[in-house]
Amino acid sequence: MASFPDCVNENDLDKAKFVGELLVPVAPFDQKSGREAWTVAFAPNGSYFAWSQGHRIVRLIPWNKCLKSFSLSAGEEGTNPTSPRHLSRQNSDGGVTIPLADEPREHTIDCGDVVWGLAFGSSVPEKQSRCVNIEWHRFKFGQDQLLLATGLNNGRIKIWDVYSGKLLLNLMDHTDVVRDLTFAPDGSLMLVSASRDKTLRVWDLKDDGNMVKVLRGHQNWVHCCSFSPDSSILCSVGAGKAVFIWNMDKYTLIRKLEGHHNDVVSCEFSPDGALLATASYDTRVIVWDHHKGTILLELGHLFPPPSPIFAGGANDRWVRSVSFCPDGRHIASITDDRFVRFWSIEERAPQAIASLSNGLCCAFSAEGSVLAAGTRDGSVHFWEAPRSIASLQHMCRMALRRVLTTQQVEALAIPTPLQDYLTYKVV
């Protein structure tokens, strides 16, 4: 068994450039809790990086500070016009507007229990709550509010103000571990939590954290959930072979995607919402057209590919995490064979690799130039992502697919080759 196909020489693959790492303090905290970094996350505006470093602790670090400590130029990441130095914020209790300092503050948060899930939520762009009597609410979020949600081992979800480190809400309804969290990208501050109690729960933070809906359908643990870029669709995966696609306007199940042979543990949509990547213990990452439920691309991590019987059992090539790069052209995966792989959606072999032992999770920075990966010892490692100039064709395709589904593209009176390109059938 090999980690790469016969046509690929591992020594010929590009090695991703190592940027730096964040290590866990040597001094022990609570020995009853683990050290694993189960989740890493970047703020939508690129201002902060957060990770669960084990021992109930979450670290919030200004991303520009990380870049400077890694001796990287902060020019590309720091030119984001929504960078915090360009913003002023309103206190969560409706207080006066306070100008932000040039350097956001670093915070160390003790969440009181093992942290499994993390998610940043932003109220930019501004979108009204679905609740009618919003003027009676305890919290009046400003237009540039930035929140951090933490999912805990005891089933609770704690909501924190990123700028102050203050605890805002304590959401209690799950009966088991909250494994993953995701905010709607539209600024509505709608939060979805995935739990080992076999449910997903939808919370409206602009309605003081009111639970809006319980999504049922999983027969076992739910490992991961992810919103589409337009917030209309949710994907959820768990201890089962199916990938669940939900309509978040009606809170109904649209379809189940069948194709994996083992538990599916990670999922993420492409930036244009046209593609969905899922990672499984069956040693594969599958790229789907979720609108039609078809498989467009399979990225293997074990060769020759295992039979469904073997893929459904124990092996040392479990894929732990998958992440879509904001450029829409690259994917990263973390596996148990001690490799980080950077893929192009146009190729079936990795574009670059990096060594990583005991990796658990990964996420691209807001601008897509850096990949962060968390490990079992609570540390985080960073690599430069592959860089290339996107073609005008690809940029136009992404712009079009942000507003059109696959079925709508197929209904256009355009040549078949162009239709295939727009629906990613030629990847």
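Backbone N, Cα and C atoms are what each Cβ position is placed from, and that goes for glycine too.
What TrEMBL records for this protein:
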type	residues	note
DOMAIN	386-427	domain 'SOCS box'
REPEAT	141-170	repeat 'WD'
REPEAT	171-213	repeat 'WD'
REPEAT	215-256	repeat 'WD'
REPEAT	257-298	repeat 'WD'
REPEAT	319-353	repeat 'WD'
REPEAT	363-384	repeat 'WD'
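Sorting the repeat 'WD' (141-170) by DSSP state (H, G, I as helix; E, B as strand; all else coil) yields 0 helix, 17 strand, 13 coil.
When Cβ-Cβ distances below 8 Å are used as the criterion, the repeat 'WD' (363-384) is approached by residues 16-24, 35-46, 49, 51-55, 63, 66, 70, 76-77, 80, 321, 323-327, 330, 332, 334, 340, 342, 354, 356-357 of the same chain, each at least six residues removed from its ends. Confidence for the repeat 'WD' (171-213), expressed as mean pLDDT, is 96.
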